Amino acid sequence: MKHLVQRFIRYVTFDTQSNPKKKCCPSTSGQMKFAEHLKQELLDLGLSQVELDEHGYLMAKLPSNVAYPVPAIGFIAHMDTAPDASGKNVKPQIIEDYHGGDIALGIGDEVLSPVQYPELHALHGHNLITTDGTTLLGADNKAGIAEILSAIEMLIENPSIPHGDICIGFTPDEEIGRGADLFNVERFGAEWAYTIDGGPQGELEYENFNASSADVIFHGVSVHPGTAKDKMVNAMTLASQFHCRMPADETPETTEGYQGFYHLKSAEMGVARSELGYILRDFERDGIARRKAFMQSLADDMNTQLKHGSVEIRFTDSYYNMKEKVEPFPHVIELAKQAMEVCDVEPIIKPIRGGTDGARLSFMGLPCPNIFTGGYNFHGIHEFASIEQMEKSVQVIVKIAELTAKKYA
């Protein structure tokens with residue numbers, strides 16, 4: 001625990017922003033530099049089977065300290081930060097004993113305000129780590145990495161705490177949906193695992209969205225504007241017409257809880273060709289299928305009305321709801337709940353309105369729910385973390401390892 005904050009502050013100085021436009025893995029060189037740093041740290045801690053592969057996947061093991069067989073469990077976090085905001089030259093600031101009110105972020109005009117982020121009201125007395133208002137912080141997911149390694153350090157320094165084999169995995173490119181692409185589950189060696197990639201204290205998640213993307217391509221007819229009457233088909237107009245027919249009350253900014261959505265994420269516009277990039281999210285498989293069918297029906301309807309030009313849609317599934325793969329192993333959830341309760345943390349079981357590496361890993365044979373980090377407002381300049389909640393995450397990780405060993409004693 002003594003090195004938790006120092007670790008985190010050091011980790012966020014690495015620029016590990018992933019790049020969805022790059023097809024290589026990892027998608028950015030900074031992730032590999034960070035992985036090499038972590039590899040040395042794992043070796044310095046004395047862990048075994050420390051391996052960093054050419055794709056930036058880093059794995060290691062803390063061997064069991066008990067004489068009887070205990071299932072190997074794992075803890076996983078990702079090394080990249082989101083492309084949504086800069087992760088370069090992160091300058092974290094520590095706010096000691098927060099007593100309310102606005103927090104100035106750096107020397108500019110940006111503030112972290114409880115008016116905009118009311119969760120701050122519950123954090124009076126906490127020590128907070130914030131940005132300087134120019135970058136994201138990187139608590140997603142470097143807080144998770146720092147917490148895992150601090151928990152491992154605690155287990156090493158306290159051999160009286162029983163534990164089985166503890167497998168550690170740090171992945172690249174999670175933020176661009178590729179974190180599990182080349183993850184070797186067999187090499188990892190755990191029977192089940194936990195991603196340490198959640199938000200506020202108490203979060204325990206084993207449900208997530210089913211996720212698909214839809215690239216909607218509009219083919220127009222380009223003609224000189226001066227002679228375009230009855231000839232031009234403006235693909236940008238088609239794109240506008242299509243989007244105007246999408247449900248306005250089923251977007252990220254209008255939904256919560258178990259509600260799904262359509263999200264227009266990108267647009268490339270031109271007269272001859274335009275493209276809209278959507279992501280589709282729903283907690284039910286039938287729901288995601290209905291969303292695809294609805295969008296396809298819009299395209300089909302437009303195509304029947306067009307004499308020239310056309311609309312096509314390409315759907316790609318990204319990940320599925322891990323619930324169906326985790327629920328058959330209730331002990332995985334119960335151990336995490338029990339660990340939280342012993343550590344005086346109230347479990348908050350709720351769906352992830354997103355995805356984690358664990359969602360895909362669960363479908364690869366590794367049940368893998370998600371546990372809190374103590375971070376807030378991920379992917380933007382108002383991201384921050386509570387040091388006290390980060391410390392609780394460390395305690396919960398240690399307690400999961402201990403309770404697992406005691407369960408099989």
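Glycine too: its Cβ is placed from the backbone N, Cα and C atoms.
All chains included, 29 other C-beta atoms sit within 10 angstroms of the C-beta of Asp80 (active site). According to Swiss-Prot, the feature active site maps to Asp80.
For Glu174, the entry in Swiss-Prot reads active site, proton acceptor, with the evidence type sequence analysis. When secondary structure is read from DSSP and collapsed to three states, Glu174 (active site, proton acceptor) falls in the helix class.
Counting every protein chain shown, the number of other Cβ atoms lying within 10 Å of the Cβ of His78 (Zn(2+) 1 binding site) is 27. Taken from Swiss-Prot, the feature Zn(2+) 1 binding site applies to His78, Asp140, Asp197.
All protein chains shown were included, and the count of other CB atoms within 10 Å of the CB of Glu175 (Zn(2+) 2 binding site) stands at 25. Here Swiss-Prot flags Asp140, Glu175, His379 as Zn(2+) 2 binding site, drawing on sequence analysis.
When the alpha carbons of Asp197 (Zn(2+) 1 binding site) and Glu174 (active site, proton acceptor) are compared, the span between them is 11 angstrom. Sitting within 8 Å of the Cβ centre of His78, Asp140, Asp197, and not among those site residues for Zn(2+) 1, are the Cβ atoms of Ala77, Asn141, Gly144, Glu174, Glu175, Thr195, Ile196, Thr356, Asp357, Thr373, Phe378. DSSP gives His379 (Zn(2+) 2 binding site) a coil state; it is part of no helix or strand. If you take the Cα of His78 (Zn(2+) 1 binding site) and the Cα of His379 (Zn(2+) 2 binding site), they are about 14 angstrom apart, rounded to a whole number.
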